[in-house]
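Over in TrEMBL, the protein carries these features:
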SIGNAL    1-19  signal peptide
DOMAIN    25-168  domain 'F5/8 type C'
DOMAIN    174-355  domain 'Laminin G'
DOMAIN    361-538  domain 'Laminin G'
DOMAIN    540-577  domain 'EGF-like'
DOMAIN    576-628  domain 'Fibrinogen C-terminal'
Amino acid sequence: MMHLRLFCILLAAVSGAEGWGYYGCDEELVGPLYARSLGASSYYSLLTAPRFARLHGISGWSPRIGDPNPWLQIDLMKKHRIRAVATQGSFNSWDWVTRYMLLYGDRVDSWTPFYQRGHNSTFFGNVNESAVVRHDLHFHFTARYIRIVPLAWNPRGKIGLRLGLYGCPYKADILYFDGDDAISYRFPRGVSRSLWDVFAFSFKTEEKDGLLLHAEGAQGDYVTLELEGAHLLLHMSLGSSPIQPRPGHTTVSAGGVLNDQHWHYVRVDRFGRDVNFTLDGYVQRFILNGDFERLNLDTEMFIGGLVGAARKNLAYRHNFRGCIENVIFNRVNIADLAVRRHSRITFEGKVAFRCLDPVPHPINFGGPHNFVQVPGFPRRGRLAVSFRFRTWDLTGLLLFSRLGDGLGHVELTLSEGQVNVSIAQSGRKKLQFAAGYRLNDGFWHEVNFVAQENHAVISIDDVEGAEVRVSYPLLIRTGTSYFFGGCPKPASRWDCHSNQTAFHGCMELLKVDGQLVNLTLVEGRRLGFYAEVLFDTCGITDRCSPNMCEHDGRCYQSWDDFICYCELTGYKGETCHTPLYKESCEAYRLSGKTSGNFTIDPDGSGPLKPFVVYCDIRENRAWTVVRHDRLWTTRVTGSSMERPFLGAIQYWNASWEEVSALANASQHCEQWIEFSCYNSRLLNTAAFGLAEMRSSTSTGEAPSLGSSAVPVVWTGAVWTLPCTATVTLTSPSGELTRDC
């Protein structure tokens, strides 16, 4: 009943905010558009123009034969929330798309790739020309422009596409912060006391750190959302008290490389101590620490940074720099109030109401033979190149240029996370040196390289004192071409010879001989050449967040894949899912093993870790022995029924949960306590037989109150007072254990 109530409360909170509710948001959006809203890179004929690219239309869109980078683009005229995409082949033909990529954005020169669950950017399309294939997106993005990039199509035909988009109009209230400003929202009654809360907004930035949202109360309650190292951190506490033993602070991290200048959607749903933390459709569910259930906030909530005296109460944080959209707190759109300059909003600095961040123009290198070739100024005595790049790959060709007058070549490569420089000239030993460290971390890095007569210099990220200068007998004459990201095939035709693999990642701000390369001209093939690249988008994503490797496996990623290292986890497989060890001693017996110490994994691929036990293997059965820390004599004095002696057992190599899992999987388990009592009744019984043996020590055995998968021996609790005490065993959690 409580879960039903939670659902109803959160539904009311979301659907009540203007422009925020999207239940029933499933309108077909392409059909009603005018023809001018449908565009394409090219078209095969008038009958396959983009205006025919509507579901169930009489034709379909097809690009011209030989189009190196075909795409279909939809202008929805204003921002919409998109929840599904559907495709269909061209009518009555052999033309359909089998795989495609979906790009979206607020403008035509800045695109965001849509990643499905598992960080896969490829959508499967059609298998014939008539059936409609619909994909319901795992999270609903917002955009005005949609671009479909065909990746594969029917080999018996050509590209043919009819498209449907499903969603609804979206009202966007945008706040832009430049790092020196912020706003505060004052609560209507001066305070906020709640059992449930909803925090939601979207943001985009190119900064790795920044405070997004903060509010606090006088009793230690607070909620903070901030970027740290391009990860999103949620800090929350429902308060603390001197009489409450458990601390209330909880911190949860989500995402990675969130400084990619793409919109990211954040939502926090709380009911009592239960929290759902959502980032771009990925949900983390957790329970807050502490004992309280209400969030008590005083006075105001801060967006983008702190205002006024509030800076004194919080450790220093960088203010946010970027755009935040539709800030929702419990049915209140704070961004809308700010745009209308409501009296409950306080401004610090000049907060703008539209995105003023610089629009990047990156190039996405994602193909096996990708490259961009741009012309240079030949026969100059100084070669100067600069660019920015980001990648997860350890290796790749960044730049190749053939020097003029047959003097050799210059090569910049990424190797083991460093930028290696190689200058080869005939009659001279090849000059090689490196700069940088761990540059394959997914963040942007700037490279500046200059070579001229007798010396060369390279600097990374313009860090003072970090440049590398080399003096060497060089003769430099610049060539006619510069190749970024790889060499085209065949190499002999382009005079680009490199043994390095192609670079996979993103580049931007390419400069050759001090001149910024006009990538718009390059994309239009009016300057240079290119292959297997996408312009105005960077498809980097953090494939290790969330970590798909199970059982604490370490995740390492490349541009298009990730690898799990399972060493020391006790598991194997692509995601560390398959256990290395058998589930019980009985399994070892059946495999022919004899008695000894073995590692077992009672829950198989479950969340519990494997642990070491002793297997007492006999002819017809195997006993599993879990040792503990009560193998020595414990003297007990002064016990009574009112104040019994409490002996806690700690198992070696295993937690209580792991021992419980072993017990639950066992056919039989037992545990006993061994007593040595002097002149007393055994277990407070009426018999005094043992009490008459005053000069000797008696030993008794009794079933324990504890639960274990093995015989647990407690040797031996020696009482010098009458043994009328109750001996109680507890689990490490402090709970009274139960009989097996």
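First residue shown is number 1, and so on along the chain.
Positions of Cβ are set from backbone N, Cα and C atoms, glycine also.
Curation plays no part in TrEMBL annotations; they are all automatic predictions.
The domain 'Fibrinogen C-terminal' (576-628): residue composition by secondary structure is 6 helix, 19 strand, 28 coil, according to DSSP. The stretch from 174-355, 361-538, 540-577 with the most CB pairs below 8 A to the domain 'F5/8 type C' (25-168) is 361-538.
With DSSP states grouped into helix (H, G, I), strand (E, B) and coil, the domain 'F5/8 type C' (25-168) comes out at 9 helix, 73 strand, 62 coil.
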